[in-house]
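**Student:** Below is a structure I'd like to ask you about.
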Amino acid sequence: MNIIVVGLSHKTAPVEVRERVAFSPNLIERPLRELVSLDDISEGVIVSTCNRVEIYATTHDIAGGTARIKRFLADHHRIPLESLEQYLYSYHSEAAIRHVFRVASSLDSMVVGEPQILGQIKTAYGYAAEYRTSGTILNRFLHKAFSVAKRVRTETRIASSAVSVAFAAVELARKILGDLSGKTVMLIGAGEMCELAAKHFLTSGARGLLVANRTFAKGERLAAEFGGEAIPFEELFQELHRADIVLSSTGAPHTIIAPRDVEAVVKRRKFKPMFFIDIAVPRDIDPRVNDLESAYLFTVDDLQEIVEANMAQRNQEASKGEEIVEQEIGQFHCWLSSLESTPTIVALRARFEEIRRAELEKTLCGWKDLSPEAEKRLEIMTLSIMNKLLHTPTAVLKRAGQGGRTDLYTDALRQLFDLQTSRQDDDELELELEEE
């Protein structure tokens with residue numbers, strides 16, 4: 001059985017294509033069931049995020065299974081395959097294992113180290129488990145991917161530094177002001193960057209949030225979302241003294257805060273330090289504000305330097321993550337390869353059990369006066385003999401499977417014992433393999 005991956009991501013497809021191929025979580029049951037109804041696709045999981053759509057599946061026919069999944073994606077979203085195929089990638093066997101381990105560990109993300117992708121894969125797996133489209137192999141595979149991601153996150157510093165301008169602003173504020181607990185933040189503007197900054201500041205312990213925006217209703221909505229207070233834009237300078245941290249991101253064509261404005265506010269605050277972050281382009285705050293006593297001004301360029309330095313650190317840590325992924329690939333691939341011998345082991349045990357049962361019944365028929373206790377002892381003895389005889393060939397077959405050398409042994413056993421094997425795995429034996 002082989003693991004295959006078919007998908008597209010921010011690296012191969014523009015957003016216009018990704019949004020057309022996305023799956024809605026509210027409507028995921030039908031495509032999951034359609035996926036595993038494809039010829040020779042026995043298990044399937046669909047991962048759909050803003051940056052990637054990927055299908056993880058198991059098949060005996062790598063080329064055929066891959067082609068059928070590509071056709072499934074095109075047909076389901078009503079896109080001509082010849083238009084879609086240029087954006088698709090596919091992996092199988094060890095390359096598929098490596099890819100999913102890297103994706104789960106956020107080594108393949110647009111922002112290396114971001115934590116969202118692991119949760120998104122867990123959610124996708126949850127749907128597959130709920131609708132029973134994942135089985136022994138993908139269950140084991142994805143749980144392994146989750147543990148690999150955990151190793152990467154705990155054994156490296158891949159997620160320890162800010163790589164967004166909004167989070168860099170919080171990191172910088174912490175360095176200047178120390179503990180942010182009890183600090184009040186004022187946002188000038190109500191766009192996406194201000195929203196991200198609000199999340200990060202409040203998560204870092206900031207006490208209060210003030211929002212000043214030219215369109216009061218929009219500022220009011222943002223303030224309400226985070227339990228803050230909206231300030232009419234024309235009252236900005238009357239309320240500025242309440243803020244310890246001011247982040248400005250408007251679309252104004254000129255500066256809106258001059259040194260004289262801040263000088264008056266600082267005096268009113270009795271020269272208690274104020275931290276200004278100007279991430280607007282063109283700038284919102286006159287750079288001469290930085291010359292004032294107790295006023296600290298940083299621009300988007302200052303933050304970008306932090307982001308770039310932290311990104312370089314993350315990339316360095318990512319190389320450690322890649323080493324962890326490579327270590328884990330070998331272990332999982334050994335387990336997957338060992339499943340190739342499962343049908344032969346199942347058939348061999350069944351043949352021995354058939355013979356044991358037949359011979360035991362013949363023996364018991366000849367001993368009419370045998371007590372129930374004696375019959376039980378004979379049952380245990382014959383079962384023990386059978387298990388001891390099968391122990392070595394079973395162990396050899398498992399080791400051969402882990403080394404990718406199953407054919408020689410399985411073919412010999414099938415011929416020697418006239419075994420009829422099927423592709424359906426024995427549940428108990430697979431459980432035994434999983435526990436190893």
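Using N, Cα and C of the backbone, Cβ positions are placed for all residues, glycine too.
Relevant sequence annotations retrieved from Swiss-Prot are reproduced here:
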- Cys50: active site, nucleophile (ACT_SITE)
- Thr49, Cys50, Asn51, Arg52, Ser109, Glu114, Pro115, Gln116, Gln120: substrate binding site (BINDING)
- Gly189, Ala190, Gly191, Glu192, Met193, Cys194: NADP(+) binding site (BINDING)
- His99: site 'Important for activity' (SITE)
**Student:** Can you grab the distance from Cys50 (active site, nucleophile) over to Met193 (NADP(+) binding site)? Cα atoms, rounded to a whole Å.
**Tutor:** 18
**Student:** Using the alpha carbons only, what distance in Å do you get between Gly191 (NADP(+) binding site) and Thr49 (substrate binding site) once rounded?
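**Tutor:** The Cα atom of Gly191 (NADP(+) binding site) is 23 Å away from the Cα atom of Thr49 (substrate binding site).
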**Student:** Where's the emptiest Cβ shell within 10 Å among the recorded positions Cys50, Ala190, Met193, Cys194?
**Tutor:** Cys50
**Student:** What is the set of residues, excluding Gly189, Ala190, Gly191, Glu192, Met193, Cys194, whose C-beta falls within 8 angstroms of the centroid of the C-beta atoms at the NADP(+) site?
**Tutor:** Leu187, Glu195, Leu196, Ala197, Leu222, Ser249
**Student:** Considering Cα atoms only, can you say which of Ser109, Pro115, Gly189, Ala190, Met193 is the nearest neighbour of His99 (site 'Important for activity') among these binding-site residues?
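**Tutor:** Nearest listed residue in space: Ser109.
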**Student:** Using all protein chains shown, find which of the binding-site residues Pro115, Gly189, Gly191 scores highest when you count other CB atoms within 10 A of its CB.
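**Tutor:** In terms of Cβ crowding, the pick is Gly189.
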**Student:** If H, G and I count as helix, E and B as strand, and all else as coil, what does DSSP give for Cys194 (NADP(+) binding site)?
**Tutor:** helix
**Student:** If you count CB neighbours within 10 Å, which one among the recorded positions His99, Gln120 has the smallest count?
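**Tutor:** Checked His99, Gln120; of these recorded positions, fewest Cβ neighbours within 10 Å: Gln120.
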**Student:** Please report the Cα separation of Ala190 (NADP(+) binding site) and Asn51 (substrate binding site) in Å, rounded to an integer.
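**Tutor:** Given the Cα positions, Ala190 (NADP(+) binding site) is 25 Å from Asn51 (substrate binding site).
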**Student:** Using all protein chains in view, find how many other C-beta atoms are within 10 Å of the C-beta of Thr49 (substrate binding site).
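**Tutor:** Thr49 (substrate binding site) is surrounded by 21 other Cβ atoms within 10 Å.
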**Student:** Residues other than Thr49, Cys50, Asn51, Arg52, Ser109, Glu114, Pro115, Gln116, Gln120 within 8 Å, Cβ to Cβ centroid, of the substrate site?
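**Tutor:** Other same-chain residues with Cβ inside the cutoff are Ser106, Met110, Ile117.
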